[in-house]
């Protein structure tokens with residue numbers, strides 16, 4: 001990709017995200033979302049492969065429809081209340097349309113169909129952006145309007161997302177699709193708590209971004225696009241693969257790793273809100289995700305590649321591991337002891 005084009009798209013991504021998260025007016029937030037959408041499309045389609053073009057078109061159509069719904073809902077709200085302020089969303093129809101639009105933007109069930117396809121058609125670095133940075137502006141809008149959204153609708157979508165993210169990820173062999181369904185499942189955890197504790201939802205989002213970024217960067221370093229490639233990646237970077245296993249287990253939410261912290265706090269908050277059955281259901285559904293994380297970890301660290309006569313030896317990676325992977329992996333594994341300090345701020 002042309003360096004100038006890459007600079008323009010990167011600057012536009014930063015600009016669009018900054019405009020959306022810092023705006024109080026609906027039109028400015030919509031403008032930032034549109035800039036973001038237009039900036040990421042060249043990054044999705046830069047390989048000129050038919051699958052990449054298909055992913056870019058699907059992404060554009062869904063995001064354009066969601067942006068139109070956001071503008072429509074804010075216009076209806078302004079028509080009835082005279083308010084364009086994001087936090088003053090009070091009209092019931094507007095709130096319903098906004099919830100639908102945000103669910104489309106984030107890839108929540110039942111508007112999740114585009115997300116695995118868009119990730120599968122993108123390079124790993126672009127898939128990382130789609131899974132993390134592109135979810136930040138809609139998450140910010142959902143946080144600002146969390147008082148106006150319907151908790152019952154959010155809970156239903158959250159449980160459906162956790163269930164479908166776990167079920168659909170079970171039979172996947174492509175790492176990008178596995179991480180796409182992982183993202184849908186994690187967004188379910190975030191959505192279920194956002195109406196009751198927005199700070200906790202934001203903490204869950206930040207930790208999800210940290211762990212997912214570590215996994216994507218590791219897979220990009222070892223060029224692992226599917227499970228069969230994961231089986232031969234141990235010979236390339238043994239220590240990196242060992243850390244990948246721990247990061248995947250953290251993403252699954254196993255103690256004593258970082259990923260256990262948001263799930264623990266969310267279940268505690270749901271119990272305080274007298275939603276113990278809901279917490280039990282979402283905790284059981286997260287076991288589905290644990291299975292495919294374990295399978296990916298098993299393929300990348302425990303299985304040995306076939307050593308037949310026509311097998312070409314995979315040499316170690318010559319380039320050193322970047323400091324960003326080391327820092328993110330450490331954060332993804334070791335943050336649980338900080339939970340008392342985090343509890344005082346929530």
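From the backbone N, Cα and C atoms, a Cβ is placed for every residue, glycine too.
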Candidate ranges 202-219, 220-237 [criterion: TrEMBL lists as transmembrane segment]
202-219
If I go by TrEMBL, the feature transmembrane segment sits on one of 56-76, 119-139. Which?
56-76
Cβ-based contact of the transmembrane segment (152-171) with the transmembrane segment (281-304), 3 or more pairs under 8 Å
yes
With pairs fewer than 6 apart in sequence excluded, do the transmembrane segment (56-76) and the transmembrane segment (325-343) have three or more C-beta pairs that lie under 8 Å?
no
Determine which recorded stretch among 56-76, 178-196, 202-219, 281-304 has the most C-beta pairs below 8 angstroms with the transmembrane segment (240-261).
281-304
